Amino acid sequence: MASTPNSVTLYTDGACSMNPGPGGYGAVILYGDGRREELSAGYKMTTNNRMEIMGAIAALSHLQEPSQVLLYTDSRYMVDAMSKGWAKKWKANGWQRNAKEKAKNPDLWETMLTLCEKHQVTFQWVKAHAGNKENERCDRLAVAAYQNNPNLVDEGFGKF
């Protein structure tokens, strides 16, 4: 990973009404210089896990320069896949989890792995709905994104 003096803290969350169903993600970007940005988007049909990953991808993609990133998420799936090397292993095995089961969401994991080559990312789990101000904000952004007539199409939904 590239070394960088830029320090960024990200909070991300995904939400889905039904699963699958309409979904959204929310992200809060806190830059080391004190700036703050919020991102969100809603999709017509997706899953909660896809929204969790897409929220992180959107936030990481938004960063203009290679950065040292601390990414907080309430998705153990994402934290474990990245921190324990599962996503890299799935990719090395042709997107297979094991001999019988394909890895889910390979399109998103591929993008996440590429972004983690650009940025130094540490994934940190945070308990959902436990009073963490920024995680709660991301949840509100994600829910609002799917409740407000989402019109985006998750191109990878149902393809893998």
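In case you wondered, yes, glycine gets a Cβ from its N, Cα and C as well.
Binding of Mg(2+) 1 is attributed by Swiss-Prot to Asp13, Glu52, and the same site annotation extends, among Asp74, Asp80, to Asp74. Under the three-state DSSP scheme, Asp13 (Mg(2+) 2 binding site) falls in the strand class.
The number of other CB atoms found within 10 A of the CB of Glu52 (Mg(2+) 1 binding site), across every protein chain shown, is 27. Calculated from their C-alpha atoms, the gap between Asp139 (Mg(2+) 2 binding site) and Asp74 (Mg(2+) 1 binding site) amounts to 10 Å. Residue counts for the domain 'RNase H type-1' (4-147) under DSSP (helix as H, G, I; strand as E, B; rest coil) come to 58 helix, 46 strand, 40 coil.
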